[in-house]
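Features reported for this protein in Swiss-Prot:
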type	residues	note
DOMAIN	6-93	domain 'ASCH'
ACT_SITE	LYS20	active site, proton acceptor
ACT_SITE	THR23	active site, nucleophile
ACT_SITE	GLU73	active site, proton donor
Amino acid sequence: MSREITFFSRFEQDILAGRKTITIRDASESHFQPGEVLRVSRNEDNVFFCQIEVLSVTPVRLDGLTEQHARQENMSLGELKQVIKEIYPGLDELFVITFAKR
């Protein structure tokens, strides 16, 4: 059985174009393993749009996010931190999942 991950629809085009190559998640989604292939769907309607391969899963604190992380998310560092705070309010311990579209 294939494992799945969802993304907000606003990220779909960046993932498909290879502009978004990481996702930052909380501990509940830190269990993915390098080499694992995931089905990717939109969070809002659960419509499948591609597969990704997990390359790495690395812990990071909110204040440890860098311009490099922001580039991999296809946004500025300020935008990235704001999005993370909206999705995970009050959470500081996160995980960077690096992936490649298949």
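Cβ coordinates come from backbone N, Cα and C, glycine included.
A quick note: this is a predicted structure, and the numbers were derived from the prediction, not measured.
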Which value does the mean pLDDT take for the domain 'ASCH' (6-93) in this predicted structure? 97
The residue listed as 'active site, nucleophile' to GLU73 (active site, proton donor) - Cα separation in whole Å: 7
Non-local Cβ contacts of the residue listed as 'active site, proton acceptor' (under 8 Å, 6 or more apart, same chain)? PHE11, ASP14, GLN72, GLU73, ASN74
Over the span of the domain 'ASCH' (6-93), count residues by DSSP class, listing helix, strand and coil in order. 31 helix, 27 strand, 30 coil
Give the number of CB atoms, excluding that of THR23 (active site, nucleophile) itself, located within 10 Å of its CB. 22
